[in-house]
Structures are given as structure tokens and as C-alpha cells.
Amino acid sequence: MTVFFPLDTARLRLQVDEKRKSKTTHMVLMEIIKEEGLLAPYRGWFPVISSLCCSNFVYFYAFNSLKAVWVKGQHSTTGKDLVVGFVAGVVNVLLTTPLWVVNTRLKLQGAKFRNEDIVPTNYKGILDAFHQIMRDEGVMALWNGTLPSLLLVFNPAIQFMFYEGLKRQLLKRRVQLSSLDVFVIGAIAKAIATTVTYPMQMVQSILRFGRHRLNPENRTLGSLRNVLYLLHQRVRRFGVMGLYKGLEAKLLQTVLTAALMFLVYEKLTAATFTVMGLKSGRRC
């Protein structure tokens, strides 16, 4: 996450600032550095990393707890893993959305927006951001963007499905996958999942930021009406491609991250079983 953090910064700027021209990721980052300083692409790094740690802990704790209760020593299947993963994702969203709302705002604080309608924030840190949001917008504002976040729970499921499918196809023709094989199928799986769900990720970012003018008939952030309103507004102003503004940066960041994560996962798994096998052999 740290290595590819600037890419995520570029993606977020393009998503929430509709008046910023959709340029290449490299050009967007150069503009940010020129206008805001060399460290600007890393603004909000600590809140994001903190939220990521908490989110991963909640997800995997919920996943393994639910799986232990449901499977109960029986053989687990891909279908069961997907269902448990979906439920764990829902639990994760409901518990950690406030953290992501806060870190989204901290990450964008001090940014030079092209859109004059965006109201700037002035938070002194994570705790102060929580305090100001609850004081000025109400407690429920901490759950802005919950609906699109719940829909995005399908993203890992789509990624996992394509990853396992591609993996099975390759294993039919070879005994073991190489590091390159794992990297490529991980990248392809994540690219598909990201592209399919990207419009909802854009809406999620806008709602979490919460500094835009929304449909005056319904101010409930995250409601289905406002999700549809934001999607409609983007299509009306910029066409269908407006829903994919910043996709390049998102693909670069998430695909590379996911591919490397799959690669490390496979290597650690193989190394763990190798060590266990060696220890078992010594005992015999």
C-alpha cells in the first residue's frame, strides 16, 4: 500500500474533483507535486494504513470465525468460501466505514480542487476529524457511502472467482505454477473485478468525502436515490466514460498490489508446508 500510495491519491483526486481534467496518472501526480509539494501524494498515509490494518483484522477474524462455525471440520468448498467471504465483508463494512470516511477526508485535506463547490476541511488529526464530523454532520455521517461499500463486497468475490478459475485452467497443463503465472492471473482477476465495480467505487469516494452538493430532495448520504443521482449526473455531464474517470490509476494501484499479494501468499504457503514437511520428516 505504501509503495503504490501515490497512485491511489491520483485516483481519489480524479474521482471527487469532477472539474479536474482526466489526464494520465503521471500527469496528475506531477500537477499535485507542482501545486502542493513533493510529499502531497503521500498525504493521509497514516490514517489509510491504520484503517487498512483494522479493516483486514476485522475481515479475516470474521471470515475465520464464521468459517469455523459453518464448516465445523468438514471439507470447505469454493461456494462456502464465497458466502463466508461475503458475510465477513458486510461485517467489515458496517464496522470500519467510519474509519474510511475519516481517512478519505484527511487524505483530501489541503488539496487544490478545480471544483469551487467543494467545501474545504480543517481537521487536526484522526480524533479531531471524528469529533468535527459528529458535531457538524451527525453520527450517521460517519457511515456515508455504506450502501456502495456493501455492493462493493462483491469485488473480492469476483476477483477470487476469476483467480481460482484461471488457476485451475493453468494447473490442467502443468504441475506447478511459476511466480510469473501467479502474478499474471492475480493481475487479470483484479483488473476484471476493478473494472466491473469501478463506477460504484467512484460513488463511494464522493459520498465518503461528503463535501459535494447532492440531490436537494434527499440529503441522506448513501441512500439508493443519491447513489443513482450521482451516477446519472456523471453520465449526463461526461458520458459513460465519466464513470471511469481515474480508472487507469486505480488499475495500476490495485492490480499491482493484488498481484504482489497473491504472489507473496502463494510463496508463503508453499514455504510453510515445506517447513512443516521437513519438521515432520525429522520427527520420523
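The backbone N, Cα and C atoms fix where each Cβ goes, and this holds for glycine too.
Just so you know, TrEMBL annotations are computer predictions that nobody has curated.
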- Among 141-163, 233-255, where does TrEMBL put the label transmembrane segment? 141-163
- Other parts of the chain folded back onto the transmembrane segment (175-193), taken as Cβ under 8 Å at six or more residues beyond its ends: 155-156, 158-163, 166-167, 251, 254-256, 258-263, 266-267
- When the repeat 'Solcar' (76-169) is classified with DSSP, how many of its residues are helical, how many are strand and how many are coil? 70 helix, 0 strand, 24 coil
- Could you give me the DSSP helix, strand and coil counts for the repeat 'Solcar' (177-271)? 76 helix, 0 strand, 19 coil
